[in-house]
Amino acid sequence: MVVTNVTEYQAIAKEKLPKQAYDYYASGAEDEWTLEENRNAFSRILFRPRILIDVSKIDMTTTILGFKISMPIMVAPTAFQKMAHPEGEYATARAASAAGTIMTLSSWATSSVEEVASTGPGIRFFQLYVYKDRNVVAQLVRRAEKAGFKAIALTVDTPRLGRREADIKNRFTLPPYLTLKNFEGLNLGKMDEANDSGLASYVAGQIDRTLSWKDVKWLQTITKMPILVKGVITAEDTRIAIQAGAQGIIVSNHGARQLDYVPATIMALEEVVKAAQGRIPVFLDGGVRRGTDVFKALALGASGIFIGRPVVFSLAAEGEAGVRNVLQMLRDEFELTMALSGCTTLREITRDHIVTEWDAPRARPGPRL
C-alpha cells in the first residue's frame, strides 16, 4: 500500500502492534470526546486564500528559542517508543535530525538522554515529569543538559494520570524487555503490574502532586536551559507562566489523555496567544495530521507545532523511514498550503488567511441602488 497521508499510518500500526501497545498509543481519556475534538476542530476553520501572488519561492524556515530549523513542524514527546519499534527513540531522533527539526524526548523514553545524544547531531528538547524525589529530577535535568539537550518541556497537566479505560481493560504495563531508561540506575525504571493500569499506579507512586508555579522557578535555579510549560490552555495560566519565567508555552491537552471535555488545542490556542502578547512564543500540540492544520495553527498565532501520535504510528509501520516520511509529507502539504494561500514566508501567514466560527461576520457591501 502506498501511504499518501499521515493518517494512513494508524491503520498499519493497528495491524502490526500488539493490542496493548496500540491501545496505549491510540486511546484518550474516558469518553474520548476531546480525542475526537482535537481532530474535528481543525475542520471548522476555513481558509481565505489570496491569489495572484508570486509563490515560485517559499521559505518555511524558522527560529525556535534561537535555533534555526527547516520548518515549524517538530516532534512531541511520546513515551515508550521501543514498544512501537526496536529502534524506538533512536529512529525518531535520526529522522528529526535528517528533517532539520527538533525532537522532544520523553522522560519516560525507552532510550536514555545519553543514548539519544549518541545518534548524532540534532536539536533536542527534554520533556520533564517532576518526581517526588527532587534529587532524581535535578540529576535528570543535569544529564539532559550535559547530553546537549537545549530546552526543558515541563509537563504540568499530569499531577495524576487521566482515566484511560483501554489501559485499565488491558492492565497496561511495559513489556518485560523494556525499561524507563532515564531512571534505570535509580530503581525507578520498572513498572509493576497492577489490577488496573500499571502506568497509573506508577504515576501515583512517583509523580509529585504538590507541583506548583514555585517549581517552575526552582527549575530555573538548577539549569540554564529555557523552560517551556507544556499543558497550558487558558489565558490565566499563560499570564502566570510568563510571570514565573517560562520562556515558551506549549498549548496541549496531553493528546486528550488527561481531562476529557477540555477544548481541542486549536480552539484554546488563540486565547493563549492573545494573553502572551508576543512576550514568549506559543506552540500547539495535539491533533495535527495535515499541512493545512499547521497553517491554521500559525494563522492563529502559534510559532510552531508538535506532532505525537503520527510519529509512533509511522515508527510502528516503517521504523525510521516511516517517521522521515511523516515529516516530509507534512512539510510538503504545508508548503502547498502556503502556496495556495498566497504566502511565501511564515511571517506572511496572518489571521486574515482563515475564518473561524467565533469570528464576527464580515461586513458585506450593500446592494447598489
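A Cβ is built for glycine as well, from the same backbone N, Cα and C atoms used for every other residue.
Keep in mind that TrEMBL annotations are predicted by a computer and have not been checked by a curator.
Taking Cβ-Cβ distances under 8 Å and a sequence gap of 6 or more within the same chain, the neighbours of His254 (active site, proton acceptor) are Thr155, Asp157, Thr158, Gly162, Gly231. As annotated by TrEMBL, active site, proton acceptor applies to His254.
Long-range neighbours of Tyr24 (glyoxylate binding site) (same chain, six or more residues apart, CB within less than 8 Å of its CB): Phe80, Met83, Arg164, Ala166, Asp167, Asn170, Phe172. Taken from TrEMBL, the feature glyoxylate binding site applies to Tyr24, Tyr129, Arg164, His254, Arg257.
Same-chain residues at least 6 positions away in sequence with a Cβ under 8 Å from that of Asp285 (FMN binding site) are, in sequence order, Ala76, Lys230, Ile250, Val251, Ser252, Gly255, Thr265, Ile305, Phe306, Gly308. Taken from TrEMBL, the feature FMN binding site applies to 77-79, Ser106, Gln127, Thr155, Lys230, Ser252, 285-289, 308-309.
The domain 'FMN hydroxy acid dehydrogenase' annotation in TrEMBL covers 1-359.
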Around Arg257 (glyoxylate binding site), how many other C-beta atoms are within 10 angstroms of its C-beta? 24
Other CB atoms, at most 10 A from the CB of Ala79 (FMN binding site): 20
Near Arg289 (FMN binding site), which residues of its chain come within a Cβ-Cβ distance under 8 Å, counting only those 6 or more away in sequence? Asn5, Val6, Thr7, Arg39, Pro310
Name, in the order they occur in the sequence, the residues of the same chain whose CB lies under 8 A from the CB of Gln127 (FMN binding site) and which sit 6 or more residues away. Pro77, Thr104, Leu105, Ser106, Ser107, Ile152, Ala153, Leu154, Thr155, Lys230
Non-local Cβ contacts of Gly287 (FMN binding site) (under 8 Å, 6 or more apart, same chain)? Asn38, Arg39, Ala41, Phe42, Ala264, Thr265, Ile266, Asp293
